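A.B. asks: Below are the features listed in TrEMBL for this protein:
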| type | residues | note |
| --- | --- | --- |
| DOMAIN | 71-332 | domain 'AB hydrolase-1' |
| ACT_SITE | S145 | active site, nucleophile |
| ACT_SITE | D302 | active site |
| ACT_SITE | H330 | active site, proton donor |
Amino acid sequence: MKILILNEARKNPVIFRLNKYWRRTNSDPYILSLYHPAMYPEIQPYKSSTLKVSDMHTLYYELSGNKDGAPVVFVHGGPGGGCDEKDRSFFNPNKYKIILFDQRGAGKSTPQACLEENTTWDLVRDMEKLREELQIEKWHVFGGSWGSTLSLAYAQSHPDRVKSLILRGIFTLRKSELKFFYQDGASHLFPEAWDEFIAPIPEAERHDMILAYHAQLNSIDDSTRIIAAKAWSKWEMSTSKLYVDPAYTKRAESDVFANAFARIENHYFINTGFMRDGQILEKQEIDKIRHIPCIVVQGRYDVVCPATTAYSLKKVWPELELHIVPDAGHSSREVGIAKLLVDGTNKFADLE
């Protein structure tokens, strides 16, 4: 079983910085930017719209890049995180038709932060409805963290609709994964952030943090709910990068973002993803997608979605290409991870 490990995250000879100007050195270059040296320039969508997927839920989606390019769908994390305009920059806009959408209750989708009719399998059906709405026969699927979970669940449900998988920070919602991040594991590495995370929870309830937060995140008292949502969100923002990024952590201060992010995440986690424990890694499920080209990028020091899960996926699916980045955590924006994700989209851009 071969695993590729990037020896030096910044080893990228095709980019140069010249004062305030950027230049390219080949026909499909990486574009150097201040924070994301491996990603393409930011672009604007040529279409933004909505899709009603149930009597209750309406999804926001957008299209950017090449109208006639290879279709790729970006599957955001969380669940509940929503998309960001920078997510378009993982893809060569000359080669890809880039599809971003906000999952139920997240981002610009409505109703915001809604937990009703919001399960993994609802989201899988939504992706199919979106594909059909856009009249796409097959598409590339790109997802990280919870996005990797949903991407795998979608591919296992509709393997004939997936041209390739590009995944980051593998997460399968096993009880052991949830226990590591929300109970006993990451707390040993980030004790100061953990103290802030447990602060809203009475000491007698801290033996099950997901359950304790579930009560507060669904409180009828607005203040209780928002305080809990911000603490839950800040815990993840504070632990997502190898080097803690105050600007990233600041996202947790938004009432709207934190409320959707925390409530939807907790809803999924307390229900273990609405699937059997370890279902995504079961042989009969992997056999459905074994033929699909797949690249996985994993940060060695990812404490949100530890490398053991990506390794478990590699063991049951040795055909996939696993890259471990030795100087990165969980975030797709870390330089070594971003570079390999763009390498992956470049590799699959002309896949028939």
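Cβ atoms are placed via backbone N, Cα and C, with glycine included.
Any TrEMBL annotation is an automated prediction that lacks curation.
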A.B. asks: So what's the mean pLDDT when you look at the domain 'AB hydrolase-1' (71-332)?
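C.D. replies: Residues in the domain 'AB hydrolase-1' (71-332) carry a mean pLDDT of 97 in this prediction.
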A.B. asks: Please report the distance from the Cα of H330 (active site, proton donor) to the Cα of the residue listed as 'active site', rounded to the nearest angstrom.
C.D. replies: 4
A.B. asks: Measuring Cα to Cα, tell me the gap between the residue listed as 'active site, nucleophile' and D302 (active site) in whole angstrom.
C.D. replies: 10
A.B. asks: Any same-chain residues 6+ apart from the residue listed as 'active site' with CB under 8 Å of its CB? Would you list them in sequence order, or say none?
C.D. replies: G169, A328, G329, H330
A.B. asks: Among all the protein chains here, how many other CB atoms are within 10 A of the CB of the residue listed as 'active site, proton donor'?
C.D. replies: 27
